[in-house]
Amino acid sequence: MGLCFSSAAKSSGHNRSSRNPHPHPPLTVVKSRPPRSPCSFMAVTIQKDHRTQPRRNATAKKTPTRHTPPHGKVREKVISNNGRRHGETIPYGKRVDFGYAKDFDHRYTIGKLLGHGQFGYTYVATDKKTGDRVAVKKIDKAKMTIPIAVEDVKREVKILQALTGHENVVRFYNAFEDKNSVYIVMELCEGGELLDRILARKDSRYSERDAAVVVRQMLKVAAECHLRGLVHRDMKPENFLFKSTEEDSPLKATDFGLSDFIKPGKKFHDIVGSAYYVAPEVLKRRSGPESDVWSIGVISYILLCGRRPFWDKTEDGIFKEVLKNKPDFRRKPWPTISNSAKDFVKKLLVKDPRARLTAAQALSHPWVREGGDASEIPIDISVLNNMRQFVKFSRLKQFALRALATTLDEEELADLRDQFDAIDVDKNGVISLEEMRQALAKDHPWKLKDARVAEILQAIDSNTDGFVDFGEFVAAALHVNQLEEHDSEKWQQRSRAAFEKFDIDGDGFITAEELRMHTGLKGSIEPLLEEADIDNDGKISLQEFRRLLRTASIKSRNVRSPPGYLISRKV
(Lines of atoms letter the chains of each structure in order from A; the text may use other names.)
(Lines give C-alpha, C1' and ligand atoms only; values in the text may rest on other atoms or scores of the structure.)
Protein backbone atom coordinates (compact mmCIF):
# COMPACT_ATOMS: atom_id res chain seq x y z
CA MET A 1 0.00 0.00 0.00
CA GLY A 2 1.35 3.40 -0.88
CA LEU A 3 1.41 6.55 1.20
CA CYS A 4 1.25 10.18 0.27
CA PHE A 5 1.60 13.02 2.73
CA SER A 6 0.39 16.55 3.02
CA SER A 7 2.98 19.12 2.10
CA ALA A 8 5.53 19.29 4.87
CA ALA A 9 6.42 22.78 3.77
CA LYS A 10 3.26 23.97 5.51
CA SER A 11 4.21 22.29 8.78
CA SER A 12 6.79 23.20 11.33
CA GLY A 13 8.99 21.47 13.84
CA HIS A 14 12.23 21.66 15.79
CA ASN A 15 15.24 22.90 13.86
CA ARG A 16 18.15 20.56 14.43
CA SER A 17 19.92 19.86 11.17
CA SER A 18 22.54 22.11 9.63
CA ARG A 19 20.59 21.66 6.41
CA ASN A 20 17.64 23.47 8.00
CA PRO A 21 19.16 26.72 9.31
CA HIS A 22 15.98 28.77 9.59
CA PRO A 23 13.98 28.97 12.81
CA HIS A 24 10.68 27.10 12.81
CA PRO A 25 7.25 28.67 13.17
CA PRO A 26 5.03 27.57 16.09
CA LEU A 27 3.71 24.03 16.02
CA THR A 28 0.94 23.78 13.43
CA VAL A 29 -0.30 20.82 11.48
CA VAL A 30 -1.71 20.44 8.00
CA LYS A 31 -3.81 17.36 7.39
CA SER A 32 -4.40 16.39 3.80
CA ARG A 33 -4.88 12.67 3.61
CA PRO A 34 -6.29 10.70 0.71
CA PRO A 35 -8.40 7.91 2.17
CA ARG A 36 -7.24 4.34 2.30
CA SER A 37 -10.61 2.77 2.84
CA PRO A 38 -14.16 3.53 3.92
CA CYS A 39 -12.98 3.13 7.51
CA SER A 40 -10.65 6.09 7.13
CA PHE A 41 -12.77 8.62 5.38
CA MET A 42 -12.01 12.08 6.76
CA ALA A 43 -10.41 13.48 3.62
CA VAL A 44 -10.80 17.21 4.13
CA THR A 45 -7.70 19.41 4.31
CA ILE A 46 -7.60 21.20 7.64
CA GLN A 47 -5.15 23.89 8.75
CA LYS A 48 -4.70 23.31 12.45
CA ASP A 49 -3.93 26.52 14.34
CA HIS A 50 -5.13 27.19 17.87
CA ARG A 51 -5.80 30.83 17.03
CA THR A 52 -8.38 30.13 14.33
CA GLN A 53 -9.62 26.55 14.50
CA PRO A 54 -12.35 25.13 16.74
CA ARG A 55 -11.74 21.90 18.59
CA ARG A 56 -13.12 18.60 17.39
CA ASN A 57 -16.00 17.51 19.56
CA ALA A 58 -16.70 13.88 18.80
CA THR A 59 -15.41 10.55 17.71
CA ALA A 60 -14.80 10.85 13.98
CA LYS A 61 -12.40 8.88 11.82
CA LYS A 62 -9.75 10.79 10.02
CA THR A 63 -8.04 9.50 6.96
CA PRO A 64 -4.59 8.07 7.72
CA THR A 65 -1.74 9.25 5.59
CA ARG A 66 0.43 7.27 3.23
CA HIS A 67 3.89 8.13 2.11
CA THR A 68 6.97 7.08 0.21
CA PRO A 69 10.49 6.55 1.55
CA PRO A 70 13.15 8.97 0.37
CA HIS A 71 15.44 6.38 -1.15
CA GLY A 72 14.43 5.57 -4.70
CA LYS A 73 11.25 7.65 -4.46
CA VAL A 74 9.25 4.59 -5.46
CA ARG A 75 5.49 5.04 -5.29
CA GLU A 76 3.34 1.95 -5.04
CA LYS A 77 0.14 1.54 -7.00
CA VAL A 78 -3.01 2.94 -5.46
CA ILE A 79 -6.24 1.59 -6.88
CA SER A 80 -8.82 4.29 -7.40
CA ASN A 81 -11.77 3.85 -5.07
CA ASN A 82 -13.95 5.43 -7.74
CA GLY A 83 -12.97 2.94 -10.45
CA ARG A 84 -14.97 -0.16 -11.31
CA ARG A 85 -14.11 -3.40 -12.97
CA HIS A 86 -14.96 -3.71 -16.65
CA GLY A 87 -18.63 -4.46 -17.08
CA GLU A 88 -19.41 -4.01 -13.39
CA THR A 89 -22.59 -2.02 -12.79
CA ILE A 90 -23.16 -2.54 -9.05
CA PRO A 91 -20.38 -1.48 -6.62
CA TYR A 92 -18.85 -4.41 -4.79
CA GLY A 93 -19.90 -3.08 -1.40
CA LYS A 94 -23.57 -3.07 -2.39
CA ARG A 95 -23.40 -6.73 -3.38
CA VAL A 96 -22.06 -7.85 -0.01
CA ASP A 97 -23.96 -8.74 3.13
CA PHE A 98 -21.67 -7.72 6.00
CA GLY A 99 -23.67 -9.74 8.49
CA TYR A 100 -24.46 -6.69 10.63
CA ALA A 101 -27.80 -5.81 12.22
CA LYS A 102 -30.38 -4.29 9.86
CA ASP A 103 -32.43 -2.16 12.29
CA PHE A 104 -30.36 1.00 12.67
CA ASP A 105 -33.26 3.35 11.84
CA HIS A 106 -35.42 1.68 14.48
CA ARG A 107 -32.83 2.14 17.20
CA TYR A 108 -31.17 5.50 16.52
CA THR A 109 -32.05 8.99 15.40
CA ILE A 110 -29.38 10.79 13.38
CA GLY A 111 -28.44 14.27 14.62
CA LYS A 112 -25.91 16.90 13.67
CA LEU A 113 -23.01 16.28 11.33
CA LEU A 114 -19.59 16.05 12.96
CA GLY A 115 -17.39 15.43 9.96
CA HIS A 116 -17.34 14.09 6.44
CA GLY A 117 -15.04 12.67 3.82
CA GLN A 118 -14.93 10.83 0.53
CA PHE A 119 -16.61 7.67 1.82
CA GLY A 120 -19.17 8.96 4.28
CA TYR A 121 -20.12 11.04 7.28
CA THR A 122 -19.89 11.04 11.07
CA TYR A 123 -22.90 12.18 13.07
CA VAL A 124 -24.15 12.56 16.59
CA ALA A 125 -27.03 10.13 17.05
CA THR A 126 -29.47 9.40 19.85
CA ASP A 127 -30.52 5.99 21.13
CA LYS A 128 -34.33 6.03 20.87
CA LYS A 129 -34.75 3.74 23.86
CA THR A 130 -32.27 5.19 26.36
CA GLY A 131 -31.75 8.72 25.08
CA ASP A 132 -27.98 8.23 25.16
CA ARG A 133 -25.94 10.16 22.62
CA VAL A 134 -23.43 8.28 20.49
CA ALA A 135 -21.21 8.87 17.48
CA VAL A 136 -22.21 7.13 14.25
CA LYS A 137 -19.99 6.67 11.26
CA LYS A 138 -22.09 6.20 8.14
CA ILE A 139 -20.10 4.60 5.31
CA ASP A 140 -21.42 4.59 1.76
CA LYS A 141 -21.44 1.08 0.27
CA ALA A 142 -21.35 2.55 -3.23
CA LYS A 143 -17.84 3.81 -2.50
CA MET A 144 -16.63 0.26 -1.78
CA THR A 145 -15.76 -0.59 -5.35
CA ILE A 146 -13.18 -3.30 -4.62
CA PRO A 147 -13.14 -6.27 -2.20
CA ILE A 148 -10.31 -4.85 -0.08
CA ALA A 149 -12.50 -1.87 0.83
CA VAL A 150 -15.08 -4.25 2.29
CA GLU A 151 -12.38 -6.18 4.13
CA ASP A 152 -11.07 -2.93 5.62
CA VAL A 153 -14.48 -2.17 7.10
CA LYS A 154 -14.85 -5.67 8.50
CA ARG A 155 -11.35 -5.60 9.97
CA GLU A 156 -11.87 -2.30 11.72
CA VAL A 157 -15.13 -3.48 13.24
CA LYS A 158 -13.33 -6.62 14.42
CA ILE A 159 -10.56 -4.51 15.97
CA LEU A 160 -13.01 -2.22 17.75
CA GLN A 161 -14.86 -5.25 19.10
CA ALA A 162 -11.61 -6.75 20.39
CA LEU A 163 -10.49 -3.57 22.15
CA THR A 164 -13.85 -2.42 23.50
CA GLY A 165 -13.74 -2.26 27.27
CA HIS A 166 -10.24 -0.83 27.42
CA GLU A 167 -10.41 2.44 29.30
CA ASN A 168 -8.38 4.31 26.69
CA VAL A 169 -10.04 3.05 23.50
CA VAL A 170 -13.22 4.56 22.11
CA ARG A 171 -16.00 2.12 22.96
CA PHE A 172 -17.67 0.21 20.14
CA TYR A 173 -21.40 -0.39 20.56
CA ASN A 174 -22.60 -2.07 17.39
CA ALA A 175 -22.42 -2.21 13.61
CA PHE A 176 -25.46 -1.97 11.35
CA GLU A 177 -26.12 -1.99 7.62
CA ASP A 178 -28.85 -1.37 5.09
CA LYS A 179 -28.76 -1.62 1.31
CA ASN A 180 -26.84 1.65 0.96
CA SER A 181 -24.68 2.10 4.05
CA VAL A 182 -22.75 0.60 6.93
CA TYR A 183 -23.19 2.28 10.33
CA ILE A 184 -20.55 1.97 13.05
CA VAL A 185 -21.91 3.12 16.42
CA MET A 186 -19.31 4.26 18.93
CA GLU A 187 -18.80 6.23 22.10
CA LEU A 188 -19.20 9.98 21.68
CA CYS A 189 -16.08 11.90 22.73
CA GLU A 190 -16.71 15.61 23.20
CA GLY A 191 -13.38 16.78 24.62
CA GLY A 192 -11.60 17.37 21.33
CA GLU A 193 -8.34 16.05 19.95
CA LEU A 194 -5.10 15.77 21.87
CA LEU A 195 -3.59 17.85 19.07
CA ASP A 196 -5.95 20.74 19.83
CA ARG A 197 -5.05 20.70 23.51
CA ILE A 198 -1.35 20.74 22.66
CA LEU A 199 -1.83 23.76 20.40
CA ALA A 200 -3.89 25.54 23.07
CA ARG A 201 -1.08 25.27 25.62
CA LYS A 202 1.47 28.01 26.16
CA ASP A 203 4.35 27.37 23.73
CA SER A 204 2.42 24.21 22.71
CA ARG A 205 3.99 22.43 25.70
CA TYR A 206 2.74 20.25 28.52
CA SER A 207 4.21 20.16 32.01
CA GLU A 208 6.14 16.96 32.68
CA ARG A 209 3.48 15.73 35.07
CA ASP A 210 0.64 16.30 32.61
CA ALA A 211 2.66 14.89 29.71
CA ALA A 212 3.38 11.70 31.66
CA VAL A 213 -0.34 11.20 32.31
CA VAL A 214 -1.10 11.52 28.59
CA VAL A 215 1.78 9.30 27.48
CA ARG A 216 0.86 6.62 30.01
CA GLN A 217 -2.60 6.33 28.48
CA MET A 218 -1.23 6.03 24.94
CA LEU A 219 1.22 3.34 26.03
CA LYS A 220 -1.60 1.35 27.63
CA VAL A 221 -3.41 1.33 24.31
CA ALA A 222 -0.29 0.23 22.44
CA ALA A 223 0.51 -2.50 24.97
CA GLU A 224 -3.04 -3.88 24.77
CA CYS A 225 -2.94 -3.84 20.98
CA HIS A 226 0.41 -5.61 20.86
CA LEU A 227 -0.68 -8.25 23.35
CA ARG A 228 -3.52 -9.07 20.96
CA GLY A 229 -1.19 -9.24 17.96
CA LEU A 230 -2.42 -5.89 16.67
CA VAL A 231 -0.39 -2.89 15.49
CA HIS A 232 -2.10 0.51 15.35
CA ARG A 233 0.28 1.86 12.68
CA ASP A 234 -0.91 5.48 12.88
CA MET A 235 -0.29 6.73 16.41
CA LYS A 236 -0.46 10.54 16.44
CA PRO A 237 -2.18 13.29 18.48
CA GLU A 238 -5.01 13.63 15.95
CA ASN A 239 -6.01 10.02 16.61
CA PHE A 240 -6.57 10.50 20.34
CA LEU A 241 -9.73 12.21 21.62
CA PHE A 242 -10.67 13.31 25.12
CA LYS A 243 -13.90 11.89 26.50
CA SER A 244 -14.98 15.28 27.85
CA THR A 245 -13.76 18.85 28.11
CA GLU A 246 -12.67 18.31 31.72
CA GLU A 247 -8.95 18.81 32.26
CA ASP A 248 -8.56 15.31 33.73
CA SER A 249 -10.70 13.63 31.07
CA PRO A 250 -9.48 10.19 29.95
CA LEU A 251 -7.87 9.93 26.55
CA LYS A 252 -9.42 7.63 23.95
CA ALA A 253 -7.69 6.08 20.94
CA THR A 254 -9.63 6.18 17.71
CA ASP A 255 -9.03 5.67 13.99
CA PHE A 256 -7.94 2.08 13.52
CA GLY A 257 -8.19 2.38 9.74
CA LEU A 258 -4.54 1.44 9.21
CA SER A 259 -4.37 -1.07 12.05
CA ASP A 260 -3.72 -4.70 11.26
CA PHE A 261 -2.98 -8.03 12.91
CA ILE A 262 0.49 -9.52 12.76
CA LYS A 263 1.98 -12.82 13.95
CA PRO A 264 5.06 -12.91 16.21
CA GLY A 265 8.27 -12.59 14.25
CA LYS A 266 6.53 -11.38 11.10
CA LYS A 267 6.91 -7.92 9.55
CA PHE A 268 4.80 -5.51 7.54
CA HIS A 269 6.35 -4.67 4.17
CA ASP A 270 4.10 -1.78 3.18
CA ILE A 271 4.61 1.81 4.22
CA VAL A 272 1.80 3.46 6.17
CA GLY A 273 1.52 6.15 8.80
CA SER A 274 1.99 9.89 9.12
CA ALA A 275 5.16 11.70 8.11
CA TYR A 276 6.32 13.19 11.40
CA TYR A 277 5.51 10.05 13.41
CA VAL A 278 6.69 7.28 11.06
CA ALA A 279 9.39 4.94 12.41
CA PRO A 280 12.64 4.23 10.53
CA GLU A 281 11.79 0.56 10.06
CA VAL A 282 8.50 1.50 8.38
CA LEU A 283 10.45 3.41 5.73
CA LYS A 284 12.67 0.34 5.35
CA ARG A 285 9.57 -1.83 4.87
CA ARG A 286 10.26 -4.13 7.83
CA SER A 287 8.03 -2.95 10.66
CA GLY A 288 6.11 -4.43 13.55
CA PRO A 289 4.66 -3.39 16.92
CA GLU A 290 7.80 -1.40 17.71
CA SER A 291 6.73 1.28 15.23
CA ASP A 292 3.86 2.30 17.51
CA VAL A 293 6.33 2.92 20.34
CA TRP A 294 8.45 5.14 18.10
CA SER A 295 5.37 7.21 17.26
CA ILE A 296 4.57 7.62 20.96
CA GLY A 297 8.18 8.71 21.47
CA VAL A 298 7.67 11.45 18.87
CA ILE A 299 4.45 12.54 20.59
CA SER A 300 6.25 12.58 23.96
CA TYR A 301 8.97 14.81 22.50
CA ILE A 302 6.33 17.22 21.17
CA LEU A 303 4.42 17.27 24.46
CA LEU A 304 7.55 18.19 26.40
CA CYS A 305 9.11 20.83 24.14
CA GLY A 306 6.42 21.91 21.66
CA ARG A 307 8.55 20.97 18.65
CA ARG A 308 8.89 17.96 16.41
CA PRO A 309 12.04 15.84 16.77
CA PHE A 310 12.39 15.43 12.99
CA TRP A 311 11.65 18.29 10.65
CA ASP A 312 12.31 19.41 7.10
CA LYS A 313 10.56 21.53 4.48
CA THR A 314 9.73 18.47 2.35
CA GLU A 315 8.40 15.02 3.09
CA ASP A 316 11.48 13.35 1.63
CA GLY A 317 13.53 15.58 3.89
CA ILE A 318 11.54 14.45 6.92
CA PHE A 319 12.15 10.81 6.00
CA LYS A 320 15.89 11.39 5.68
CA GLU A 321 15.90 13.06 9.09
CA VAL A 322 14.08 10.07 10.60
CA LEU A 323 16.50 7.61 9.01
CA LYS A 324 19.78 9.41 9.68
CA ASN A 325 19.59 11.99 12.46
CA LYS A 326 18.97 12.00 16.19
CA PRO A 327 16.57 14.25 18.10
CA ASP A 328 18.02 17.41 19.63
CA PHE A 329 18.01 17.42 23.44
CA ARG A 330 20.30 20.44 23.84
CA ARG A 331 18.13 23.40 22.85
CA LYS A 332 15.58 25.05 25.08
CA PRO A 333 13.56 23.88 26.90
CA TRP A 334 15.42 20.53 27.17
CA PRO A 335 18.09 21.76 29.65
CA THR A 336 15.25 22.46 32.11
CA ILE A 337 13.51 19.11 31.56
CA SER A 338 14.31 16.26 33.95
CA ASN A 339 16.90 13.63 33.10
CA SER A 340 14.26 10.96 33.66
CA ALA A 341 12.01 12.46 30.99
CA LYS A 342 14.89 12.77 28.55
CA ASP A 343 15.96 9.19 29.24
CA PHE A 344 12.42 8.00 28.59
CA VAL A 345 12.08 9.80 25.25
CA LYS A 346 15.53 8.70 24.09
CA LYS A 347 14.70 5.05 24.77
CA LEU A 348 11.53 5.33 22.69
CA LEU A 349 13.35 7.02 19.80
CA VAL A 350 16.03 4.36 19.35
CA LYS A 351 16.32 3.69 15.62
CA ASP A 352 16.94 -0.05 16.03
CA PRO A 353 13.50 -1.50 16.86
CA ARG A 354 15.12 -4.45 18.65
CA ALA A 355 16.74 -2.07 21.14
CA ARG A 356 13.70 0.18 21.59
CA LEU A 357 11.57 -0.16 24.71
CA THR A 358 8.35 -2.07 24.23
CA ALA A 359 5.09 -0.39 25.22
CA ALA A 360 4.84 -2.46 28.40
CA GLN A 361 8.48 -1.75 29.27
CA ALA A 362 7.90 1.95 28.78
CA LEU A 363 5.04 1.78 31.29
CA SER A 364 7.58 0.57 33.85
CA HIS A 365 9.90 3.53 33.25
CA PRO A 366 10.12 5.75 36.37
CA TRP A 367 9.10 8.90 34.50
CA VAL A 368 5.82 7.41 33.27
CA ARG A 369 5.18 5.20 36.25
CA GLU A 370 5.38 7.97 38.84
CA GLY A 371 1.90 8.23 40.26
CA GLY A 372 0.92 5.05 38.46
CA ASP A 373 0.35 1.56 39.80
CA ALA A 374 2.35 -1.55 38.91
CA SER A 375 -0.90 -3.50 38.66
CA GLU A 376 -1.83 -1.31 35.70
CA ILE A 377 1.09 -2.64 33.65
CA PRO A 378 -0.08 -5.34 31.21
CA ILE A 379 1.87 -8.44 30.25
CA ASP A 380 4.47 -7.62 27.62
CA ILE A 381 4.02 -9.63 24.42
CA SER A 382 7.77 -9.39 23.79
CA VAL A 383 8.51 -11.06 27.13
CA LEU A 384 6.22 -13.95 26.21
CA ASN A 385 7.94 -14.16 22.82
CA ASN A 386 11.37 -14.20 24.48
CA MET A 387 10.31 -17.07 26.72
CA ARG A 388 9.05 -18.98 23.71
CA GLN A 389 12.37 -18.40 21.95
CA PHE A 390 14.45 -19.39 24.99
CA VAL A 391 13.52 -23.04 24.60
CA LYS A 392 14.91 -22.95 21.05
CA PHE A 393 18.33 -21.72 22.14
CA SER A 394 21.22 -24.12 22.61
CA ARG A 395 22.28 -25.09 26.12
CA LEU A 396 25.32 -22.82 25.89
CA LYS A 397 23.23 -19.80 24.94
CA GLN A 398 20.86 -20.51 27.83
CA PHE A 399 23.73 -20.78 30.32
CA ALA A 400 25.26 -17.56 29.00
CA LEU A 401 21.97 -15.69 29.43
CA ARG A 402 21.60 -17.01 32.98
CA ALA A 403 25.08 -15.76 33.81
CA LEU A 404 24.29 -12.35 32.31
CA ALA A 405 21.05 -12.14 34.29
CA THR A 406 22.93 -12.39 37.59
CA THR A 407 24.99 -9.28 36.78
CA LEU A 408 22.06 -6.86 36.46
CA ASP A 409 20.91 -4.54 39.24
CA GLU A 410 17.37 -3.81 40.44
CA GLU A 411 17.05 -0.63 38.39
CA GLU A 412 17.91 -2.49 35.21
CA LEU A 413 15.42 -5.21 36.09
CA ALA A 414 12.50 -2.96 37.08
CA ASP A 415 10.42 -3.68 33.99
CA LEU A 416 11.03 -7.43 34.23
CA ARG A 417 10.07 -7.36 37.91
CA ASP A 418 6.73 -5.84 36.87
CA GLN A 419 6.28 -8.55 34.25
CA PHE A 420 7.17 -11.32 36.71
CA ASP A 421 4.65 -9.95 39.22
CA ALA A 422 1.99 -9.79 36.50
CA ILE A 423 2.44 -13.49 35.70
CA ASP A 424 2.88 -14.58 39.35
CA VAL A 425 -0.83 -14.35 40.10
CA ASP A 426 -0.74 -15.83 43.62
CA LYS A 427 2.26 -13.63 44.58
CA ASN A 428 4.28 -16.44 46.14
CA GLY A 429 7.51 -15.42 44.42
CA VAL A 430 7.61 -18.16 41.79
CA ILE A 431 5.75 -18.90 38.56
CA SER A 432 3.98 -22.25 38.50
CA LEU A 433 3.06 -24.31 35.47
CA GLU A 434 -0.54 -23.16 35.77
CA GLU A 435 0.49 -19.49 35.94
CA MET A 436 2.76 -20.01 32.95
CA ARG A 437 -0.12 -21.65 31.12
CA GLN A 438 -2.40 -18.69 31.91
CA ALA A 439 0.17 -16.26 30.51
CA LEU A 440 1.17 -18.23 27.41
CA ALA A 441 -2.12 -19.86 26.48
CA LYS A 442 -4.36 -16.79 26.50
CA ASP A 443 -6.07 -15.48 23.41
CA HIS A 444 -2.89 -14.12 21.88
CA PRO A 445 -2.00 -14.15 18.18
CA TRP A 446 -0.72 -17.61 18.95
CA LYS A 447 -2.08 -20.20 21.35
CA LEU A 448 0.25 -22.76 22.88
CA LYS A 449 -0.77 -26.26 23.80
CA ASP A 450 -0.22 -27.39 27.38
CA ALA A 451 2.65 -29.67 26.35
CA ARG A 452 4.43 -26.73 24.73
CA VAL A 453 3.95 -24.56 27.83
CA ALA A 454 5.41 -27.34 29.98
CA GLU A 455 8.40 -27.57 27.64
CA ILE A 456 9.04 -23.84 27.98
CA LEU A 457 8.82 -23.95 31.78
CA GLN A 458 11.20 -26.92 31.87
CA ALA A 459 13.75 -25.05 29.74
CA ILE A 460 13.59 -21.94 31.94
CA ASP A 461 13.56 -23.90 35.23
CA SER A 462 17.33 -24.37 35.59
CA ASN A 463 17.22 -25.89 39.09
CA THR A 464 14.47 -28.35 38.06
CA ASP A 465 12.22 -27.63 41.05
CA GLY A 466 9.12 -27.30 38.88
CA PHE A 467 8.85 -23.53 39.29
CA VAL A 468 10.39 -20.45 37.67
CA ASP A 469 11.92 -18.00 40.13
CA PHE A 470 12.78 -14.41 39.27
CA GLY A 471 16.39 -15.11 38.31
CA GLU A 472 15.36 -17.88 35.93
CA PHE A 473 12.66 -15.64 34.49
CA VAL A 474 15.11 -12.79 33.84
CA ALA A 475 17.45 -15.07 31.89
CA ALA A 476 14.63 -16.11 29.57
CA ALA A 477 12.97 -12.69 29.23
CA LEU A 478 16.00 -10.42 28.77
CA HIS A 479 16.21 -7.98 25.86
CA VAL A 480 19.95 -8.21 25.21
CA ASN A 481 19.91 -5.67 22.37
CA GLN A 482 18.44 -3.08 24.71
CA LEU A 483 21.19 -3.56 27.28
CA GLU A 484 23.87 -2.72 24.75
CA GLU A 485 21.98 0.16 23.10
CA HIS A 486 20.87 1.96 26.26
CA ASP A 487 24.25 1.98 28.05
CA SER A 488 27.22 0.60 26.14
CA GLU A 489 29.59 1.04 29.10
CA LYS A 490 27.32 -0.97 31.39
CA TRP A 491 26.94 -3.57 28.66
CA GLN A 492 30.71 -3.97 28.51
CA GLN A 493 30.85 -4.40 32.28
CA ARG A 494 27.89 -6.78 32.54
CA SER A 495 28.92 -9.02 29.65
CA ARG A 496 32.49 -9.21 31.00
CA ALA A 497 31.19 -10.15 34.45
CA ALA A 498 29.07 -12.91 32.90
CA PHE A 499 32.07 -14.12 30.89
CA GLU A 500 34.23 -14.28 34.02
CA LYS A 501 31.78 -16.69 35.64
CA PHE A 502 32.90 -19.21 32.99
CA ASP A 503 36.56 -18.11 32.79
CA ILE A 504 37.55 -19.75 36.05
CA ASP A 505 41.34 -19.32 35.74
CA GLY A 506 41.00 -15.72 34.56
CA ASP A 507 43.18 -16.09 31.47
CA GLY A 508 40.67 -14.35 29.20
CA PHE A 509 39.32 -17.49 27.54
CA ILE A 510 36.73 -20.17 28.25
CA THR A 511 38.07 -23.66 27.66
CA ALA A 512 36.13 -26.89 27.24
CA GLU A 513 37.04 -27.95 30.77
CA GLU A 514 35.90 -24.63 32.26
CA LEU A 515 32.67 -24.94 30.32
CA ARG A 516 32.14 -28.41 31.75
CA MET A 517 32.90 -27.24 35.29
CA HIS A 518 30.51 -24.29 35.08
CA THR A 519 27.58 -26.05 33.44
CA GLY A 520 27.86 -29.52 34.93
CA LEU A 521 27.16 -31.03 31.52
CA LYS A 522 28.32 -34.59 30.94
CA GLY A 523 29.44 -36.18 27.72
CA SER A 524 31.30 -34.48 24.89
CA ILE A 525 31.51 -30.73 25.47
CA GLU A 526 33.31 -29.82 22.23
CA PRO A 527 30.13 -29.37 20.10
CA LEU A 528 28.92 -26.77 22.58
CA LEU A 529 32.22 -24.92 22.59
CA GLU A 530 32.45 -24.96 18.79
CA GLU A 531 29.14 -23.13 18.63
CA ALA A 532 30.75 -19.93 19.97
CA ASP A 533 34.36 -20.57 18.88
CA ILE A 534 34.29 -18.52 15.68
CA ASP A 535 38.06 -18.57 15.04
CA ASN A 536 38.33 -22.33 15.77
CA ASP A 537 41.14 -21.98 18.31
CA GLY A 538 39.50 -24.38 20.76
CA LYS A 539 38.37 -21.74 23.26
CA ILE A 540 35.89 -18.88 23.61
CA SER A 541 37.11 -15.29 23.84
CA LEU A 542 35.22 -12.38 25.41
CA GLN A 543 34.36 -11.08 21.94
CA GLU A 544 32.99 -14.47 20.92
CA PHE A 545 31.02 -14.69 24.17
CA ARG A 546 29.40 -11.31 23.51
CA ARG A 547 28.50 -12.42 20.02
CA LEU A 548 26.88 -15.52 21.51
CA LEU A 549 24.71 -13.31 23.75
CA ARG A 550 23.63 -11.12 20.82
CA THR A 551 22.83 -13.95 18.40
CA ALA A 552 19.10 -14.20 17.74
CA SER A 553 18.85 -17.97 17.35
CA ILE A 554 21.86 -20.12 18.05
CA LYS A 555 20.19 -23.35 16.98
CA SER A 556 20.04 -22.01 13.43
CA ARG A 557 23.71 -22.96 13.28
CA ASN A 558 22.67 -26.62 13.68
CA VAL A 559 24.84 -27.22 16.73
CA ARG A 560 23.50 -29.96 18.96
CA SER A 561 23.82 -29.94 22.72
CA PRO A 562 25.71 -32.90 24.22
CA PRO A 563 23.53 -35.77 25.38
CA GLY A 564 23.02 -36.72 28.98
CA TYR A 565 23.42 -33.26 30.44
CA LEU A 566 22.91 -32.73 34.16
CA ILE A 567 22.46 -29.33 35.75
CA SER A 568 24.53 -29.39 38.93
CA ARG A 569 23.88 -25.86 40.15
CA LYS A 570 21.84 -22.79 39.45
CA VAL A 571 23.66 -20.02 37.58
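Glycine residues also receive a Cβ, built from the backbone N, Cα and C atoms like all the rest.
What Swiss-Prot says about this one:
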type    : residues                                                   : note
BINDING : L114, G115, H116, G117, Q118, F119, G120, Y121, T122, K137 : ATP binding site
BINDING : D424, D426, N428, E435                                     : Ca(2+) 1 binding site
BINDING : D461, N463, D465, E472                                     : Ca(2+) 2 binding site
BINDING : D503, D505, D507, E514                                     : Ca(2+) 3 binding site
BINDING : D533, D535, D537, K539, E544                               : Ca(2+) 4 binding site
DOMAIN  : 448-483                                                    : domain 'EF-hand 2'
DOMAIN  : 528-555                                                    : domain 'EF-hand 4'
MOD_RES : S274                                                       : phosphoserine
MOD_RES : S541                                                       : phosphoserine
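Annotated features taken from Swiss-Prot, shown on the structure.
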residue: D424; record: Ca(2+) 1 binding site; Cβ contacts under 8 Å, 6 or more apart: V430, I431, E435
residue: D461; record: Ca(2+) 2 binding site; Cβ contacts under 8 Å, 6 or more apart: F467, V468, E472
residue: D505; record: Ca(2+) 3 binding site; Cβ contacts under 8 Å, 6 or more apart: E514
residue: D537; record: Ca(2+) 4 binding site; Cβ contacts under 8 Å, 6 or more apart: none
residue: S541; record: phosphoserine; Cβ contacts under 8 Å, 6 or more apart: G508, F509, D535
residue: E544; record: Ca(2+) 4 binding site; Cβ contacts under 8 Å, 6 or more apart: A532, D533, I534, D535
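Break the domain 'EF-hand 4' (528-555) down by DSSP state and the numbers are 16 helix, 2 strand, 10 coil. Most Cβ neighbours within 10 Å among the binding-site residues E435, E472, D507, D535: this distinction goes to E472.
Apart from D503, D505, D507, E514, the Ca(2+) 3 site neighbourhood in this chain, defined by C-beta within 8 angstroms of the site C-beta centre, holds F502, I504, G506, G508, F509, I510, T511. Of all Cβ atoms in the shown protein chains, 14 besides its own fall within 10 Å of the Cβ of N463 (Ca(2+) 2 binding site).
Fewest other C-beta atoms within 10 angstroms, among the recorded positions T122, S274, N428, are seen around N428.
You'll find the Cα of L114 (ATP binding site) roughly 73 Å from the Cα of D507 (Ca(2+) 3 binding site).
Of the listed binding-site residues, namely H116, K539, the sparsest Cβ surroundings within 10 Å are found at H116. Nearest Cα neighbour of D426 (Ca(2+) 1 binding site) among the listed binding-site residues (H116, T122, D503, D507, K539): D503.
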